[in-house]
């Protein structure tokens, strides 16, 4: 078998293109081009737009529960109009408040920052930057999106069932989630939640397998692993994390479904509910937490790594400097990915875990600060004395670094099992993870969208709107989450409906109101971004050059609007790494340019 | 992938070729199996953690001592040994099918695939009998001072420690976790066997209509084989954890 067949079992349609410039030679209908598309670029846009829709829903939920937190003593009659019996008398029902918090977390973590971020950019950039016609298996890639779509439909429909969507926090800890009698949110909504997540796991698996095999098998000639842009390294480790951690969540979900419907006792023991003694014996709710966080912690990095990869690329391109410490960046990706599997129990310090065992998890958790710090210093040294172009993408990338530092430092606090006794389940935790993985990864996603928008749609987004979007969002993010550190240190617990009954938290009434107002402003600015995004697809300024940012990577050697197959002729050969900026007096040297005889080594 | 490629062995990782010299399909199958082993691993580790947190478990020689058509004969672990033998034998026939595929021998592939499928179906049949037997056969259990007759289900376990009652030894209820994990994990494995049989059936049909002969290689059979061997390997661990330890 020659290599051609080894890499593609079935020859790709685009193979017989020869040197024709026009790539749309195979017939495409509306259905095959926009709906059941097997083109990685279209699938990426499907992930992105589905993710945007979810982000609006998830963001809107946070605005609704911020109304309750900011104005606990007021009523908003319009809530009854839109929420029905969940907003009776203009006040959010406490059960529904919990469901809102749960769905906000679920939607943002899984649907927006996993599928919307990794799904979009892994799909878009892996074939383009590694130099492949498409993913290893375009068909499985299409299935990956449609499983995500199915999962989305199930989760979306759970918002409309009589008893409401799942509640109990996005971590759905049993026994509450295992017993339908426990609360409204543990009834139908919980079953739909579990079914939806099972579909989501299949989607992540199909996508991840594709990303890994494409990166390993389908790089173009000359694209050795160490010549790959850091984006591709980031997506590679993200996919590995997904393929190894999501199956454990599947086990947890399956066992929970059995406990709910087949009378098993995996997570249940010695329970009295509504005065009734349940027969379940011998199970352990802590077991669920172990299984959940074995996914849950790598999941944090599934969200953060793509944002780090995008940031590395955007910062290097827009500083017109090579990325500082390329191998250190790759090494720290590897270190973060490996360590992320060994720290899950730091989410469980107060579950009654043996403190001796806890000390190991403290050590491993704090070790992650080392590769994270390496990354931060490399980004800063890349910026240092750079010839910086403050494009919207660059601003969001720098914003990512800022938020990652601010949010990451509090991780060192929370990683200490002794400090965690005081800080766990408070607003301090909320502030920490929203800054370090929530908002920071959203910033990575925004950086990616602004940077690769010209490649995606052949048009630019509006810069003025983008600058407004950036400045309001970064200022707003700090105004929302910085005060939460103080609330958390004072002991204010997360997920509570109303704090006005506590003498000790009354002093935060004004602060909570302030946070809610800022949250609403930031949310409305995101609508501005969405307007900009969709408006620019049709009316944005057209891209007239193939390489608008003066970047080295391969995606900018394709036509402005590449067809299925990406390059009209042969796939270009790669001769150098992706970061030859400002070298030998030249602004940038694309990867496709052979190394000159008297050129310096980098 | 371009035709102009030079293929030097020394530059495995420099792009333009598969560093492991395998197709993407096989690579994906390997990574899928790795992922799936984490699912099974999570199940088995959960099982272990719960089982060893309890004071007593069940005696396998006593629970699994029946064989179809032998009445009340005490044959500890005989039936599960037969099941294991069937599954391992079907792995052997799978290897032979792959081997015939390498030789492009369509008839040989068909023959061994049919035997592999039969092996898979035989295993599933055995499992169905074992489950039915466990669930439906009644055992005397002393519950709250009253004798009851229980089957082994996800919520009932008649295999607890024995106590003296009215001059005879009677079992008390055992940990319910046994049924949950036994039916949960062997069921999940059985589901894998079932999907393996379906995959093998599809492969057999594709062989019959000459699909692979046309392609010039039987790699699909190899990939189905990888899955089938994995399902076998998982059974070895399930067998170890539920019947031997």
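For all residues, glycine too, the Cβ spot is worked out from N, Cα and C.
Keep in mind that TrEMBL annotations are predicted by a computer and have not been checked by a curator.
Record note: among A:16-42, A:232-258, A:232-258 is the stretch given as transmembrane segment by TrEMBL. It is A:291-311, from the ranges A:291-311, A:543-563, A:564-584, that TrEMBL records as transmembrane segment. Range annotated as transmembrane segment by TrEMBL, chosen from A:192-212, A:486-506: A:192-212. It is A:47-69 that, among the stretches A:47-69, A:192-212, A:393-415, forms the most Cβ pairs under 8 Å with the transmembrane segment (A:514-535).
Over the domain 'Cytochrome oxidase subunit I profile' (A:30-593) the predicted model carries a mean pLDDT of 95. Counting Cβ pairs under 8 Å that are 6 or more residues apart, the transmembrane segment (A:465-484) and the transmembrane segment (A:291-311) reach fewer than 3 and are not in contact. Same-chain residues lying 6 or more positions outside the transmembrane segment (A:393-415) and placing a CB less than 8 Å from one of its CB atoms are 304, 307-308, 310-311, 314-315, 318, 346, 362, 365-366, 368-369, 372, 376, 379-380, 383, 423-424, 428-429, 431-437, 439-441, 443-444, 446-448, 450-451, 467, 470, 473-474, 477-478, 481-482, 485.
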